[in-house]
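Enquirer: Sharing a structure below in C-alpha coordinates format, with a few things to ask.
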Amino acid sequence: MFVSPDKYIQGAGLLEHSASYINALGSHPLIMADALIWKIVGEDFATYLSQHDFDVTRVTFNGEASVQEIARITQIAKDNHNDIIIGLGGGKTLDTSKGIAEEVGAKLVIAPTAASADAPTAGLSVLYTEEGSFDQYKFYQRHSDLVLMDTQVIANAPVRTLISGIADAMATNIEAKATAQSHGTTMGNGAATFTGRAIAAECERVIWKYAYEAVESNVQHIVTPALDAIVEANTLLSGLGFENGGLAAAHAIHNGFTAVKGDVHHLTHGEKVAFGTMVELVLQGTSHEELNRYIEFYLTLGLPITLEATHLDQLSDEEMLQIGKMATMPDETMKNMPFKVTPREVVNAMKAASTFAHTYEATHTIKPILPAK
(Lines of atoms letter the chains of each structure in order from A and count residues from 1; the text may use other names and numbers.)
(Lines give C-alpha, C1' and ligand atoms only; values in the text may rest on other atoms or scores of the structure.)
Protein backbone atom coordinates (compact mmCIF):
# COMPACT_ATOMS: atom_id res chain seq x y z
CA MET A 1 0.00 0.00 0.00
CA PHE A 2 1.27 3.48 -0.91
CA VAL A 3 -0.59 6.68 -0.02
CA SER A 4 0.14 10.39 -0.43
CA PRO A 5 -1.46 13.84 -0.70
CA ASP A 6 -2.76 14.89 -4.12
CA LYS A 7 -0.31 17.77 -4.57
CA TYR A 8 2.74 19.08 -2.70
CA ILE A 9 4.21 22.50 -3.56
CA GLN A 10 7.26 24.07 -1.90
CA GLY A 11 8.91 27.45 -2.40
CA ALA A 12 9.75 30.83 -0.89
CA GLY A 13 6.82 33.26 -0.72
CA LEU A 14 4.41 30.53 -1.78
CA LEU A 15 1.45 31.56 0.40
CA GLU A 16 1.08 34.86 -1.42
CA HIS A 17 1.25 33.12 -4.80
CA SER A 18 -1.15 30.30 -3.98
CA ALA A 19 -4.50 31.64 -5.21
CA SER A 20 -4.53 29.68 -8.46
CA TYR A 21 -3.80 26.41 -6.67
CA ILE A 22 -6.52 26.99 -4.07
CA ASN A 23 -9.02 28.29 -6.62
CA ALA A 24 -8.99 24.89 -8.30
CA LEU A 25 -10.49 23.46 -5.10
CA GLY A 26 -13.23 25.95 -4.23
CA SER A 27 -14.03 29.54 -3.32
CA HIS A 28 -15.14 29.64 0.31
CA PRO A 29 -12.25 28.59 2.56
CA LEU A 30 -12.20 28.37 6.32
CA ILE A 31 -8.74 29.26 7.60
CA MET A 32 -7.91 27.96 11.06
CA ALA A 33 -4.80 29.04 12.94
CA ASP A 34 -3.87 29.70 16.55
CA ALA A 35 -3.73 33.26 17.89
CA LEU A 36 0.02 33.64 17.37
CA ILE A 37 0.00 32.36 13.79
CA TRP A 38 -2.86 34.71 12.96
CA LYS A 39 -0.61 37.61 13.97
CA ILE A 40 2.53 36.32 12.24
CA VAL A 41 1.16 35.24 8.88
CA GLY A 42 -2.56 34.43 9.07
CA GLU A 43 -4.05 37.88 8.65
CA ASP A 44 -1.84 38.65 5.64
CA PHE A 45 -2.72 35.30 4.06
CA ALA A 46 -6.46 35.76 4.65
CA THR A 47 -6.30 39.29 3.22
CA TYR A 48 -4.43 38.01 0.16
CA LEU A 49 -7.11 35.39 -0.48
CA SER A 50 -9.90 37.93 0.03
CA GLN A 51 -8.23 40.17 -2.56
CA HIS A 52 -8.36 37.23 -4.97
CA ASP A 53 -12.14 36.88 -4.57
CA PHE A 54 -12.23 34.15 -1.93
CA ASP A 55 -14.96 34.39 0.72
CA VAL A 56 -12.82 33.66 3.79
CA THR A 57 -14.00 32.42 7.20
CA ARG A 58 -11.47 32.99 9.99
CA VAL A 59 -11.31 30.67 13.03
CA THR A 60 -8.89 30.64 15.95
CA PHE A 61 -7.64 27.18 16.93
CA ASN A 62 -7.62 26.63 20.70
CA GLY A 63 -4.32 24.73 20.77
CA GLU A 64 -5.29 21.09 21.33
CA ALA A 65 -5.94 18.52 18.61
CA SER A 66 -8.93 16.83 20.19
CA VAL A 67 -12.24 15.30 19.22
CA GLN A 68 -13.96 18.24 20.91
CA GLU A 69 -12.04 20.86 18.91
CA ILE A 70 -12.75 19.05 15.65
CA ALA A 71 -16.47 19.05 16.53
CA ARG A 72 -16.44 22.75 17.46
CA ILE A 73 -14.86 23.98 14.24
CA THR A 74 -16.78 21.47 12.11
CA GLN A 75 -19.99 23.15 13.22
CA ILE A 76 -18.61 26.57 12.26
CA ALA A 77 -17.64 25.24 8.82
CA LYS A 78 -21.08 23.72 8.29
CA ASP A 79 -22.82 26.93 9.39
CA ASN A 80 -20.72 28.93 6.89
CA HIS A 81 -20.93 26.38 4.06
CA ASN A 82 -17.17 26.29 3.64
CA ASP A 83 -15.94 24.15 0.73
CA ILE A 84 -12.24 24.29 1.67
CA ILE A 85 -10.58 23.84 5.06
CA ILE A 86 -7.13 25.44 5.33
CA GLY A 87 -5.01 24.42 8.30
CA LEU A 88 -2.35 27.09 8.86
CA GLY A 89 0.21 26.45 11.58
CA GLY A 90 1.86 23.58 13.42
CA GLY A 91 1.16 19.88 13.75
CA LYS A 92 -1.83 20.07 16.07
CA THR A 93 -3.54 22.71 13.94
CA LEU A 94 -2.96 20.63 10.82
CA ASP A 95 -4.16 17.40 12.44
CA THR A 96 -7.34 19.15 13.58
CA SER A 97 -7.98 20.56 10.10
CA LYS A 98 -7.87 17.03 8.64
CA GLY A 99 -10.65 15.89 10.94
CA ILE A 100 -12.78 18.92 10.12
CA ALA A 101 -12.38 18.48 6.35
CA GLU A 102 -13.49 14.87 6.59
CA GLU A 103 -16.53 15.72 8.74
CA VAL A 104 -17.59 18.56 6.43
CA GLY A 105 -16.74 16.82 3.17
CA ALA A 106 -14.62 19.80 2.13
CA LYS A 107 -11.33 20.00 0.26
CA LEU A 108 -8.27 20.16 2.51
CA VAL A 109 -5.29 22.51 2.21
CA ILE A 110 -2.39 22.05 4.61
CA ALA A 111 -0.16 25.11 5.08
CA PRO A 112 2.55 24.50 7.70
CA THR A 113 4.31 27.48 9.25
CA ALA A 114 7.23 25.36 10.45
CA ALA A 115 8.93 22.17 9.30
CA SER A 116 8.60 20.74 12.79
CA ALA A 117 7.02 17.34 12.08
CA ASP A 118 5.82 15.11 9.27
CA ALA A 119 2.10 15.63 9.91
CA PRO A 120 1.45 17.73 6.76
CA THR A 121 1.43 14.88 4.24
CA ALA A 122 -0.12 12.17 6.41
CA GLY A 123 -3.69 10.92 6.08
CA LEU A 124 -4.08 10.62 9.81
CA SER A 125 -4.22 12.76 12.93
CA VAL A 126 -2.69 12.27 16.33
CA LEU A 127 -5.45 13.27 18.73
CA TYR A 128 -5.19 14.11 22.40
CA THR A 129 -7.60 14.52 25.28
CA GLU A 130 -8.53 18.02 26.39
CA GLU A 131 -5.97 17.53 29.20
CA GLY A 132 -3.18 16.78 26.71
CA SER A 133 -2.83 13.00 27.06
CA PHE A 134 -2.50 10.86 23.94
CA ASP A 135 -5.94 9.71 22.82
CA GLN A 136 -5.80 8.01 19.44
CA TYR A 137 -4.54 7.89 15.88
CA LYS A 138 -7.46 8.88 13.66
CA PHE A 139 -7.28 7.63 10.07
CA TYR A 140 -9.02 9.28 7.13
CA GLN A 141 -10.48 8.02 3.87
CA ARG A 142 -8.39 10.45 1.86
CA HIS A 143 -5.30 12.64 2.11
CA SER A 144 -5.03 16.39 1.72
CA ASP A 145 -5.75 17.92 -1.66
CA LEU A 146 -2.89 20.40 -1.41
CA VAL A 147 0.17 20.93 0.80
CA LEU A 148 1.73 24.42 0.66
CA MET A 149 5.25 24.69 2.10
CA ASP A 150 6.31 28.36 2.13
CA THR A 151 10.04 28.09 2.83
CA GLN A 152 10.40 31.78 3.71
CA VAL A 153 7.75 31.43 6.41
CA ILE A 154 9.60 28.35 7.65
CA ALA A 155 12.96 30.17 7.55
CA ASN A 156 11.42 32.83 9.80
CA ALA A 157 10.13 30.26 12.29
CA PRO A 158 12.00 29.47 15.53
CA VAL A 159 15.06 27.28 14.94
CA ARG A 160 13.79 24.87 17.58
CA THR A 161 10.93 23.92 15.26
CA LEU A 162 13.25 22.93 12.40
CA ILE A 163 15.48 20.92 14.73
CA SER A 164 12.39 19.21 16.12
CA GLY A 165 11.37 18.26 12.60
CA ILE A 166 14.83 16.91 11.88
CA ALA A 167 14.60 14.72 14.98
CA ASP A 168 11.17 13.43 13.97
CA ALA A 169 12.40 12.74 10.44
CA MET A 170 15.54 10.95 11.65
CA ALA A 171 13.30 8.30 13.20
CA THR A 172 11.62 7.56 9.87
CA ASN A 173 14.16 5.20 8.33
CA ILE A 174 15.04 3.54 11.63
CA GLU A 175 11.40 2.68 12.25
CA ALA A 176 10.79 1.71 8.62
CA LYS A 177 13.69 -0.75 8.73
CA ALA A 178 12.35 -2.29 11.94
CA THR A 179 8.90 -2.62 10.38
CA ALA A 180 10.36 -4.29 7.29
CA GLN A 181 12.35 -6.74 9.41
CA SER A 182 9.25 -7.71 11.40
CA HIS A 183 7.00 -7.84 8.31
CA GLY A 184 4.88 -5.34 10.22
CA THR A 185 2.17 -3.08 8.91
CA THR A 186 2.14 0.57 7.91
CA MET A 187 -0.14 3.20 9.42
CA GLY A 188 -2.75 2.28 6.80
CA ASN A 189 -2.61 -1.35 7.97
CA GLY A 190 -0.95 -2.49 4.75
CA ALA A 191 2.44 -3.94 3.88
CA ALA A 192 5.31 -1.51 3.27
CA THR A 193 6.23 -0.92 -0.36
CA PHE A 194 9.76 -0.77 -1.73
CA THR A 195 8.91 2.82 -2.68
CA GLY A 196 8.02 3.73 0.89
CA ARG A 197 11.20 2.15 2.22
CA ALA A 198 13.30 3.91 -0.44
CA ILE A 199 11.76 7.26 0.51
CA ALA A 200 12.52 6.61 4.19
CA ALA A 201 16.14 5.81 3.34
CA GLU A 202 16.47 8.96 1.21
CA CYS A 203 15.01 10.97 4.09
CA GLU A 204 17.87 9.87 6.35
CA ARG A 205 20.50 10.48 3.65
CA VAL A 206 19.30 14.07 3.14
CA ILE A 207 19.32 14.71 6.89
CA TRP A 208 22.90 13.51 7.35
CA LYS A 209 24.01 15.68 4.42
CA TYR A 210 22.15 18.95 4.99
CA ALA A 211 20.91 19.22 8.59
CA TYR A 212 23.64 21.41 10.09
CA GLU A 213 23.71 23.84 7.17
CA ALA A 214 19.91 24.07 7.16
CA VAL A 215 19.85 24.94 10.86
CA GLU A 216 22.45 27.66 10.29
CA SER A 217 20.28 29.02 7.46
CA ASN A 218 17.26 29.04 9.76
CA VAL A 219 19.26 30.98 12.36
CA GLN A 220 19.83 33.66 9.71
CA HIS A 221 16.21 33.42 8.45
CA ILE A 222 17.39 32.77 4.90
CA VAL A 223 16.26 30.22 2.34
CA THR A 224 19.16 28.15 0.99
CA PRO A 225 19.39 24.88 -0.95
CA ALA A 226 20.20 23.15 2.35
CA LEU A 227 17.10 24.59 4.04
CA ASP A 228 15.00 23.60 1.03
CA ALA A 229 16.38 20.06 1.26
CA ILE A 230 15.64 19.72 4.97
CA VAL A 231 12.15 21.18 4.65
CA GLU A 232 11.43 18.49 2.07
CA ALA A 233 13.04 15.81 4.25
CA ASN A 234 11.16 16.85 7.39
CA THR A 235 7.85 17.04 5.58
CA LEU A 236 7.50 15.14 2.31
CA LEU A 237 10.18 12.44 2.66
CA SER A 238 9.50 11.78 6.33
CA GLY A 239 5.73 11.96 5.90
CA LEU A 240 5.61 9.54 2.99
CA GLY A 241 8.34 7.43 4.57
CA PHE A 242 6.63 6.89 7.90
CA GLU A 243 3.14 6.42 6.50
CA ASN A 244 4.28 3.96 3.85
CA GLY A 245 7.16 2.44 5.81
CA GLY A 246 5.71 2.04 9.30
CA LEU A 247 6.38 3.28 12.82
CA ALA A 248 8.00 1.23 15.57
CA ALA A 249 9.54 1.84 19.01
CA ALA A 250 10.52 5.51 18.74
CA HIS A 251 6.96 6.79 18.37
CA ALA A 252 5.55 4.19 20.76
CA ILE A 253 7.89 5.51 23.45
CA HIS A 254 6.88 9.08 22.58
CA ASN A 255 3.27 8.07 23.23
CA GLY A 256 4.34 6.26 26.39
CA PHE A 257 5.46 9.56 27.89
CA THR A 258 1.81 10.59 28.23
CA ALA A 259 1.52 8.02 31.04
CA VAL A 260 3.38 10.41 33.35
CA LYS A 261 3.07 14.05 34.31
CA GLY A 262 5.83 16.62 34.41
CA ASP A 263 8.13 18.79 32.33
CA VAL A 264 8.63 16.14 29.65
CA HIS A 265 5.46 17.57 28.15
CA HIS A 266 7.18 20.92 27.63
CA LEU A 267 9.29 19.23 24.96
CA THR A 268 8.23 19.24 21.33
CA HIS A 269 7.05 16.14 19.49
CA GLY A 270 10.39 15.79 17.73
CA GLU A 271 12.42 16.29 20.89
CA LYS A 272 10.58 13.42 22.54
CA VAL A 273 10.96 11.30 19.41
CA ALA A 274 14.74 11.94 19.49
CA PHE A 275 14.99 10.19 22.84
CA GLY A 276 12.56 7.52 21.65
CA THR A 277 14.82 6.91 18.66
CA MET A 278 17.83 6.50 20.92
CA VAL A 279 15.87 3.98 22.97
CA GLU A 280 14.90 2.07 19.82
CA LEU A 281 18.56 1.96 18.73
CA VAL A 282 19.49 0.52 22.12
CA LEU A 283 16.65 -2.02 22.04
CA GLN A 284 17.79 -3.38 18.69
CA GLY A 285 21.41 -3.74 19.76
CA THR A 286 22.93 -1.04 17.55
CA SER A 287 26.73 -1.16 17.41
CA HIS A 288 28.79 1.15 19.62
CA GLU A 289 30.15 3.05 16.60
CA GLU A 290 26.76 3.55 14.99
CA LEU A 291 25.12 4.58 18.25
CA ASN A 292 27.84 7.17 18.84
CA ARG A 293 27.16 8.67 15.41
CA TYR A 294 23.56 9.36 16.39
CA ILE A 295 24.54 10.61 19.85
CA GLU A 296 26.94 13.17 18.38
CA PHE A 297 24.33 14.29 15.86
CA TYR A 298 21.63 14.78 18.49
CA LEU A 299 23.93 16.54 20.95
CA THR A 300 25.29 18.85 18.24
CA LEU A 301 21.70 19.89 17.52
CA GLY A 302 21.00 20.34 21.23
CA LEU A 303 18.38 17.60 21.34
CA PRO A 304 17.43 16.00 24.68
CA ILE A 305 18.67 12.40 24.75
CA THR A 306 19.27 11.85 28.47
CA LEU A 307 16.84 11.29 31.31
CA GLU A 308 17.85 14.66 32.75
CA ALA A 309 17.33 16.53 29.48
CA THR A 310 13.92 14.93 28.99
CA HIS A 311 12.95 15.71 32.61
CA LEU A 312 12.45 12.03 33.39
CA ASP A 313 15.31 11.64 35.87
CA GLN A 314 13.13 12.24 38.94
CA LEU A 315 10.57 9.57 38.08
CA SER A 316 10.23 6.55 40.32
CA ASP A 317 10.84 3.11 38.89
CA GLU A 318 7.09 2.49 38.93
CA GLU A 319 6.47 5.70 36.95
CA MET A 320 9.13 4.68 34.44
CA LEU A 321 7.42 1.33 34.16
CA GLN A 322 4.14 3.08 33.36
CA ILE A 323 5.85 4.61 30.31
CA GLY A 324 7.01 1.14 29.31
CA LYS A 325 3.54 -0.31 29.77
CA MET A 326 1.87 2.34 27.65
CA ALA A 327 4.55 2.05 24.95
CA THR A 328 4.01 -1.70 24.69
CA MET A 329 0.22 -1.79 24.62
CA PRO A 330 -1.11 -4.17 21.94
CA ASP A 331 -2.29 -1.39 19.63
CA GLU A 332 0.96 0.59 19.88
CA THR A 333 3.52 0.71 17.07
CA MET A 334 5.98 -1.18 19.28
CA LYS A 335 4.39 -4.25 17.67
CA ASN A 336 6.40 -3.45 14.54
CA MET A 337 9.69 -4.20 16.27
CA PRO A 338 11.22 -7.47 14.96
CA PHE A 339 11.11 -8.95 18.47
CA LYS A 340 8.82 -8.73 21.49
CA VAL A 341 9.55 -5.79 23.80
CA THR A 342 8.44 -5.78 27.44
CA PRO A 343 7.76 -2.73 29.64
CA ARG A 344 10.86 -3.54 31.72
CA GLU A 345 13.01 -3.69 28.59
CA VAL A 346 11.77 -0.22 27.63
CA VAL A 347 12.79 1.13 31.05
CA ASN A 348 16.20 -0.55 30.85
CA ALA A 349 16.78 0.81 27.35
CA MET A 350 15.80 4.34 28.44
CA LYS A 351 18.33 4.20 31.26
CA ALA A 352 21.00 2.71 28.99
CA ALA A 353 20.45 5.29 26.25
CA SER A 354 20.83 8.08 28.79
CA THR A 355 24.01 6.54 30.20
CA PHE A 356 25.55 6.09 26.74
CA ALA A 357 24.84 9.75 25.92
CA HIS A 358 26.39 10.92 29.20
CA THR A 359 29.48 8.78 28.58
CA TYR A 360 29.88 10.18 25.07
CA GLU A 361 29.53 13.74 26.38
CA ALA A 362 32.17 13.11 29.04
CA THR A 363 34.69 11.65 26.60
CA HIS A 364 34.18 13.78 23.49
CA THR A 365 34.15 17.46 22.64
CA ILE A 366 30.71 18.46 21.40
CA LYS A 367 30.38 21.67 19.42
CA PRO A 368 26.70 22.62 19.58
CA ILE A 369 25.44 24.23 16.40
CA LEU A 370 23.45 26.76 18.43
CA PRO A 371 24.98 29.06 21.06
CA ALA A 372 24.37 28.13 24.68
CA LYS A 373 21.34 29.81 26.24
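Every residue gets a Cβ built from N, Cα and C, even glycine.
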Enquirer: Of the candidates ASP34, ASP44, ASP53, which one does TrEMBL list alongside GLY91, LYS92, THR93, LEU94, ASP95, THR113, ALA114, ALA115, SER116, LEU124, TYR128 as binding NAD(+)?
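Expert: As annotated by TrEMBL, GLY91, LYS92, THR93, LEU94, ASP95, THR113, ALA114, ALA115, SER116, LEU124, TYR128 share the NAD(+) site with ASP34, chosen from ASP34, ASP44, ASP53.
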Enquirer: Which residue of HIS251, HIS288 does TrEMBL report at the same glycerol site as ASP118, ASP168, HIS269?
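Expert: It is HIS251, as the record lists it for that site.
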Enquirer: Counting by DSSP, what is the helix, strand and coil composition of the domain 'Alcohol dehydrogenase iron-type/glycerol dehydrogenase GldA' (5-151)?
Expert: 58 helix, 41 strand, 48 coil
Enquirer: Could you check which of the binding-site residues LYS92, THR113, LEU124 is the closest Cα neighbour of HIS269 (glycerol binding site)?
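Expert: Answer for the nearest of the binding-site residues: LYS92.
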Enquirer: If I restrict to non-local contacts, at least six residues apart, and a C-beta distance under 8 angstroms, what lies near ASP168 (glycerol binding site) in its own chain?
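Expert: Result: SER116, ALA117, ASP118, ASN234, SER238, HIS269, GLY270, VAL273.
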Enquirer: List, in sequence order, the same-chain residues at least six positions removed whose CB sits under 8 Å from that of ASP34 (NAD(+) binding site)?
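Expert: When sequence neighbours closer than 6 are ignored, ASP34 (NAD(+) binding site) has THR60, PHE61, ASN62, GLY63, GLY89, GLY90, THR93 within Cβ distance under 8 Å.
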Enquirer: What is the interatomic distance between the Cα atoms of LYS92 (NAD(+) binding site) and HIS251 (glycerol binding site), given in whole Å?
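Expert: For LYS92 (NAD(+) binding site) versus HIS251 (glycerol binding site), the Cα atoms are 16 Å apart.
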